[in-house]
Amino acid sequence: MIMGNIQNRIDYLRKELIRHNGLYYESNNPEISDSEYDNLAKELEQIEKENPLFALPDSPTKKISGFVSSSFEQIKHSSPMLSLDNTYSQKETAKWYERIEKNLNNKNTEFTIEPKIDGVSASLTYINGSLTAGATRGDGETGEDITENIKKVKNIPYKLKADNPPYFFELRGEVYIDKSDFRKLNEEILMSVGQKFANSRNAASGSLRQKNPQITAERKLRFFVHSLGKIDGKQFESQSDFLQYCRKCGFQLQDNFKICHSLKEIMDFMEIMINNRDLLHYEIDGLVIKVNSLQLQKELGYTNKSPRWAIAFKFPAKQATTKLSRIRVQVGRTGIITPSAILESVTLAGVTISHATLHNFEEIERLNVNEGDTVLIERAGDVIPKIVKVVKKENRGFFKPPHNCPSCNSGIVKENEEEVAYRCINPECPAQFRRHLIHFVSRNAMDIDGFGKAVIDQFLDRKKIQVLADIYYLKYDDFIKLDLFKEKKTSNLMKAVAASKKHPLSKLLFALGIRRIGEKVSEIIAKKFKSMEALFNASIEDFTRVPEIGSILALSLKEFFENKTVRNVIDNLIAAGVNMIEPEAEQSGTQFDGKMFVLTGELKNHTREQAGKIIRSLGGKVASSVSKKTDYIVAGVNAGSKLKKAKELNVKIVDEAEFDILTGKLSLIENTKF
């Protein structure tokens, strides 16, 4: 790169980093993800390293990110609140570990590892055991005085509970908001001002900087302590000793904290947290690894912006910016017209993303998004990515809902003003029928293994399936002609089709796709009414007598079974030999008869759905909340408030291994807890 180009690139990177730093810390309105920001910073750092003549003392690479708002008084920290060096790969983490071991002459160093909370850094100061000051990190040297707001954070003690508290004690931690509280807050904000926070970090930051402390109190903020600032009259040998002292003082610590003695232990813990991060009740964006010994920390020292004895391993980005290429409109199996976003491909959390959900047309209007706009997308867990906001507006027009179904060109309607969704009401709409077929053969419905979308599309193209019952009249010659089908594959699929005829009524009801009726309600009404004919003869009053069915579900059921087209569908299925009866539940004679169960936390060997089916097959019942009527609570990993309530009510608590033994489903898979 020639000199002029080097200078231009450096100028651009510095301006961009300063701009994005302001958007992140001052406006709480970032345009790019953390990883994208770090990539810009690393590029600038590398150029400055290779071209030292261009390096300046005030470069963003040499300063702690952050700012001090003029809206608050300022507080000087007793010692700098530094940022941490970041790494985005386990390979880089291993290199850092090896560097530490080498610098310490391989002293069999202990390390601590804990989740990195995606919140807002804060410093707390206690004088003689009483909370006297709270401050943001600010620029690392000076922070904003948020003392009155910090006092409103739910789990921060006003007075330290430990005996003989030190005269001066400054500690640091992260202010955050629980996922469930964040969802509730966003619903309230949306209702009152028509906007919502993009993520929980923004919510915590905005709530902590309120001029009215009462608003902060209502936001249900929480605090995790993670590091020592300064303490008089007391010494700690290690980071873990310091944290245990904080626990005695009344602070809440993270449960997912581990002391490691080798790189393998660190990597194993990283894998567990990467795979289980979405089970936590708060957001984390990585893991923090520290040398445990405070004496060794002192030996390793600091750079101008971060400690050498700690590193932050950042998870793959859950947010990224990209361009919205096209808004595609598609038809669901119940006729709902749904928009979805076609994106320029971008890597997010290790996955290439090219689609995102837009939910409905009101969401498009709320986001003010259109084709060509640059958008921020987010992926939480394994759910479909969503568009969080428009970053750069390129298209000034408004995207309008279509007037006609994109599949059959029939008119589309809103059935009532309360509904958000538009529907195609043509019962012969090809797109609806295709979606209906996909649902009908799916695992939780008729469970015809191997009858996937590609098979369905070929049969539709060849006009071999025109009504549901046609599935059961397909011949060997029809299957063997499908792409990539040979003898064994054909035989297996024909067996799966034949086996599906014998499924209980409950699976058929779910497969039929009755509006508002899910799998659980399908099971309930099948057990109650026993046969398809009884359902056709039932009145609305008959349906509402079932405790789990209210007036809206009863109306959906009645409308469905009154429909002449439905009657024809069922008659055709009966003629094809499909079972229309719910078998009597076997009398198990176990202690589950009539017992009420609640499932909580993450189960390793079962899905919630599978565990519920096991319980019901043995005569038990499954409830969604704990009460005095609960007999058992099955507690998986990260069980929350339900487990706490169960303990208060003296409900029998079993873990997954005990549940497997009770049900005779003992698994050979070890139930890993962390």
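Placement of Cβ uses the backbone N, Cα and C atoms for every residue, glycine included.
Record features (Swiss-Prot):
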| type | residues | note |
| --- | --- | --- |
| ACT_SITE | Lys116 | active site, N6-AMP-lysine intermediate |
| BINDING | Asp34, Ser35, Glu36, Tyr37, Asp38, Ser83, Leu84, Glu114, Arg137, Glu174, Lys290, Lys314 | NAD(+) binding site |
| BINDING | Cys405, Cys408, Cys424, Cys429 | Zn(2+) binding site |
| DOMAIN | 587-674 | domain 'BRCT' |
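Overlay of Swiss-Prot feature records on the structure.
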residue: Asp38; record: NAD(+) binding site; Cβ contacts under 8 Å, 6 or more apart: Asn86, Tyr88, Lys314
residue: Leu84; record: NAD(+) binding site; Cβ contacts under 8 Å, 6 or more apart: Val288, Ser306, Pro307, Ala310, Ile311, Ala312
residue: Lys116; record: active site, N6-AMP-lysine intermediate; Cβ contacts under 8 Å, 6 or more apart: Ile284, Asp285, Gly286, Leu287, Val288, Ala312, Phe313, Lys314
residue: Lys290; record: NAD(+) binding site; Cβ contacts under 8 Å, 6 or more apart: Phe111, Thr112, Ile113, Gln239, Gln297, Trp309, Ala310
residue: Cys405; record: Zn(2+) binding site; Cβ contacts under 8 Å, 6 or more apart: Val331, Ile337, Gly411, Ile412, Cys424, Asn426, Cys429, Ala431
residue: Cys408; record: Zn(2+) binding site; Cβ contacts under 8 Å, 6 or more apart: Cys424, Asn426, Glu428, Cys429, Pro430, Ala431
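Look at the residue listed as 'active site, N6-AMP-lysine intermediate': DSSP puts it in a strand.
For the Zn(2+) site, the Cβ centre of Cys405, Cys408, Cys424, Cys429 serves as reference, and the other residues of the chain with Cβ at most 8 Å from it are Val331, Gly335, Asn404, Pro406, Ser407, Asn409, Ser410, Ile412, Ile425, Asn426, Pro430, Ala431, Gln432. DSSP states for the domain 'BRCT' (587-674), grouped as helix (H, G, I), strand (E, B) and coil, give 26 helix, 18 strand, 44 coil. Using a 10 Å Cβ-Cβ cutoff, Cys424 (Zn(2+) binding site) registers 24 neighbours. The 10 Å shell around the Cβ of Cys429 (Zn(2+) binding site) contains 22 further Cβ atoms across the protein chains shown. According to DSSP, Cys405 (Zn(2+) binding site) is assigned to coil rather than to any helix or strand.
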